[in-house]
Amino acid sequence: MAAAALWQPQEEGLREICTLLDAHISPNSDQARIWQQLQHYSQFPDFNNYLVFLLARGEGKSFEARQAAGLLLKNNLRATFSSMPPASQQYVKSELLPCIGATNKAIRSTVGTVISVLFQIVRVAGWIELFQALHQCLDSNDLDHMEGAMDAIYKICEDVPEELDVDVPGLPERPINVFMPRLLQFFQSTHAILRKLALGCINQYIVVMPAALYMSMDQYLQGLFNLAKDPSADVRKLVCSAWVQLIEVRPSILEPHLKNVTELMLQANKDSDDEVALEACEFWSAYCDVSMPPEGLREFLPRLIPTLLSNMSYSDDDESLADAEEEESFPDRDQDLKPRFHASRLHGSETGEDDDDDDAVNVWNLRKCSAAGLDVLSNVFGDDILPTLMPLIQQNLARTDDDAWKEREAAVLSIGAIAEGCITGLYPHLPQIVAFLIPLLDDKFPLIRSITCWTLSRYSKFIVQSLEHPNGREQFDKILLGLLRRVLDTNKRVQEAACSAFATLEEEAAEELVPHLGIILQHLMCAYGKYQRRNLRILYDALGTLADAVGAELNQAKYLDIFMPPLITKWQQLANSDKDLFPLLECFTSIAQALGPGFSQFAEPVFQRCINLIQSQHLAKVDPAAAGALYDKEFIVCALDLLSGLAEGLGAGIESLVSQSSLRDILLQCCMDEAADVRQSALALLGDLSRVCPIHLHPRLQEFLNVAAKQLNPQCVKEAVSVANNACWAIGELAIKIGKEISPVVITVVSCLVPILKSPEGLNKSLLENSAITLGRLCWVCPDIVAPHMDHFMQAWCNALCMIRDDFEKEDAFHGLCAMVAANPTGAVGSLTFICQACASWNEIKSEGLHNEVCQILNGYKQMLGSGGWEQCMSTLEPAVVQRLGRYGV
């Protein structure tokens, strides 16, 4: 301590740093230059001493400059504390403690933040004095000191709650055991800020549940009940948050109190403060998600449903209302462009999720939470909610005056929210619902037009299912044309909702769209000419979805002439560094796959652009100035995925493009990229090229195989399962094309696939299926290498084969199974029941050759075992399995 106390700042250094901090907080300063100067000062070993001195003792300096010193100190400590001289470390710690109760709130708060960051580095044992100081502040009865201590404790609880629940040499008890009674006492404080901070601290422990909280649970719950009507909205919000967390992670604790808690949450859901109501509203979804007995909620439905419906109306200050009137002539601002995320290509089971968002602006609010709650309730209680809900909806819809448009809009939203859960009761009335919604597409209020688009999209699946019903086609046509009409709306919010809804309808309708292709394309391309950047992204998605839905039907000159010229014009206009290329690349990927060989007339410039994009990004990675752009891996991912789409669409027709390019070397580089999503897309392309032109991979074949095999080691699988999935698939594709040339990596790959096949739940279904298929392909082409090891994997492999649907990939895997048995029939006999189950998993083997092979194997075993042994084997199988095996003549 003595050495630390000797440190004193030099006046000149202090003055320079103060001047710099004053400039730093000035709005008109050159921040880049100031940042450089701060970096220069940070090289000095005692720079942090100056910062903590200014924060703690900067009397006469502006509070803003002292705060800036504290925030700079916080960031520096994160990066440099462990390398600071011990005397400086001690000085920083000792200067912070007296400031916990600083009279200025901003300084107190900054000190609490710095303490929390420093605590994360040194932990309890490295700063025992902190806890002594916090106790003294809590016991001081001075509000500034109590609040400062509570603020610091709250920030520690928020960042590392588990660190207070540890035994520490030198302390008689765990810190949380000492703090917990004090925190619970503060529930009764006359100061709202102390009640809020105490409750906030304890709430951080609901998930980790230390003994200190578990043993005080009755007192904590009683405190929550007492604070439910607290005058402070912040406190009431935290009470609701506590109930939501408890029901999510400790529902058994709430069960005895559930009725009382539900009543309180129902009241809180009507709170005059929207944030309290929003927190309370989360309770209903949480209740249903943890599978609490629904009967406990049923008696509240007659009061809960009207509350949810009431809260689904736009509030007057909802920020969505601000841009609701924005016409297409308004230029998009950069902040209007939501960040977009491209999903890298994945081979295997599809895991895409619907985005049922009813609002263009993704801000979670009471309206959306209420709609989500109604959706969840409809899925739990089904049609039972309709007698309460439908009269309320009808009542709101009957209010046709302009002042009631928000209530009408909420009614339409609620019809959409219950589309899945209440469909049994609603399905007979679908024609009336649709007939009612169609005119609302032309409502004078744009937000009613937009929500009607969304609600119709929620019923798309059922509308398509009704096509063969009387008037079903007429109903479908009206919806299709109605949505297309709104795609051309002049309001940007309506355009967005209509385009998204139309994409959903496309997914459900698929080939039913074919008779309407001309009119669909005319509308979409008319919109293409008038949309601004944000809605263009959604339009690209609608075009890509259309291509996925109708496939080769799009490959007709009359259609190509409508949509390809505008797309190509845009493609040529956009620079290689323009992020508006992303959705266009994705759109072209779907179009290339749909058109197949029909895309060949457009392929060469598209292929070359993809190569250029990847090369320019590789350059940007090492030399942004030479590339003229900053590195952005998403360009590489999108370009690789479009090349995959070309390979899939053109098939062997891509060979001439690949042979004249440097794609092979570029692809190998991408397969080794440090970014998982780049490797994922690169390995997908490797698999696609293996299918259509493996000859061009040959010069670097072993390198590709080694890189792909490396992605299957257990650590890589754990870190990036989707990369492993694509690597596995690519190796399987290569195996059937190159045969014995794959032998150098066979044992490495098999040794990685076996743990995947044997793993209990938790591994991705797609990886499991691809592992079973690739193992089968390796067994097929190199049976002599794999057969000696079959007892390690046969049973797990057969179990996985049972899960795979009938297709050519399953056929390949079964060729491998037959090759294994042929190579070592006695070695496989111990797994015979599993082999039988796998053979019985086929609905029908289309390949006559494979069917005969399976017959041969099973009959061979029947002869080997004799009738007694065979009957014994059959007796262990389900009767349905034995019956299916009859198809193979056994």
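Note: Cβ is positioned from N, Cα and C throughout, glycine not excepted.
Per Swiss-Prot, the range carrying the annotation region 'Disordered' out of 22-42, 316-336 is 316-336. Same-chain residues lying 6 or more positions outside the repeat 'HEAT 15' (663-694) and placing a CB less than 8 Å from one of its CB atoms are 344-347, 611, 614-615, 618, 633, 636-637, 640-641, 643-644, 647-648, 650-652, 654-655, 700, 703-704, 707-708, 711, 719-720, 722-723, 726-727, 729-730, 732-734, 737-738.
Per-class residue totals from DSSP over the compositional bias 'Acidic residues' (316-329), listed helix then strand then coil: 4 helix, 1 strand, 9 coil. Non-local neighbours of the repeat 'HEAT 7' (259-286) in the same chain are 225, 228, 233, 236-237, 239-241, 243-244, 247-248, 296-297, 300, 303-304, 307-308, 310-311, 315, 364-366, 369-370, 372-373, 376-377; each lies 6+ residues outside the stretch with a CB under 8 Å from one of its CB atoms. Taking H, G and I as helix, E and B as strand and the rest as coil, DSSP gives the repeat 'HEAT 5' (177-207) the counts 24 helix, 0 strand, 7 coil.
The highest tally of CB pairs under 8 A with the repeat 'HEAT 4' (130-167), across 13-39, 177-207, 558-596, is held by 177-207.
Pairs of Cβ atoms less than 8 Å apart link the repeat 'HEAT 6' (220-247) most often to 177-207, out of 44-82, 177-207, 431-458, 558-596. Over the repeat 'HEAT 6' (220-247) the predicted model carries a mean pLDDT of 98.
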